[in-house]
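A.B. asks: Handing you a structure now.
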């Protein structure tokens, strides 16, 4: 009976996910080291403007991620605690950790500890808690990706172009960086799938397709912004701020309900505007296809305009170095890659995406999943204390309602 009860839990945390988490943590530390190295390099080269911009991006992104991490701890203060979380006795201590930019490290420590304990003790409820922590970390990594990695890549490509260091090795490095961004988006996508176990029977093949169309859409966007910034550095800030304000206004008009406080919700909407500057992100249910079509049309036109201004400037004032390709050829490549990404995205939604078309079907599947483990539709704690008729109560298993809501938006 106890074994059957354990098998009903929908959240599984296999060893492969644990290894991916550990790998993500190691890359997180490596990214910090590389960021420090980049700042030191700019300082040694006396490129103080670039150094200042990079430090602004790093510190701003870190503050944003820590703010979300702290708010989620604050919202979940009445939820089930892991043993690692219990080491910090008060929210005041957690706040100090986040002020010193250590909140995300603390989350990684908690996840690694509870994962190891779960594997050693073979406690099913620990798998649910591990998945809960993984969901928050995947969303934090997504925010970090578009608040730090994507802008930092734009800065680096801009520096490379302005210095005339456009060589095959630098192009490969930029391609590797944009691939890392697409990987982060793909890992976020795989986290969403855990909330629709009967509809998300997708293997790694669908994730590869998802990765490829994100790579083909994000790559040209980042490259177009960098090309424009390389010839009009004084106007790129105006372009970003004007675009971000429009996107922020749209997020506000959609009346999102993601955070548990008014201030947190405004921060979330501002962050959505930042993410939309580089990539599409579904935030509310209903009419997703129409909104996505309007968004990609607008971004496609914007990419064409940014690249067009760059080509015009290249023809008017040719650079002192030789470009690997003619500016017109680069313009055609950027547009072609973006169109190819759109075609691949359509292919994904046609053949790989769960076919959920009826109104309310997403909510029905989420509620069915919740009822199968004993959690109310709007709750975030699953109670397994009496499963298996054990004499000793089992700790509760948490369901991450934030990712649960995003899964409903994504699969609607």
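Each residue, glycine too, has its Cβ placed from N, Cα and C.
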A.B. asks: In TrEMBL, which of the ranges 170-188, 189-207, 360-378 has the transmembrane segment annotation?
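C.D. replies: It is 170-188 that TrEMBL annotates as transmembrane segment.
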A.B. asks: When TrEMBL marks a stretch as transmembrane segment, which of 148-168, 295-315 is it?
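C.D. replies: Among 148-168, 295-315, the range TrEMBL annotates as transmembrane segment is 295-315.
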A.B. asks: Grab the same-chain neighbours of the transmembrane segment (170-188) for me: Cβ-Cβ under 8 Å, and only residues 6 or more beyond its ends, written as numbers and ranges.
C.D. replies: 20, 24, 138-139, 141-142, 145-146, 149-150, 153, 156-157, 160, 207, 210-212, 214-215, 218-219, 222-223, 279, 324
A.B. asks: Using a threshold of three or more Cβ pairs below 8 Å, and leaving out pairs closer than 6 in sequence, do the transmembrane segment (93-116) and the transmembrane segment (18-40) count as in contact?
C.D. replies: yes
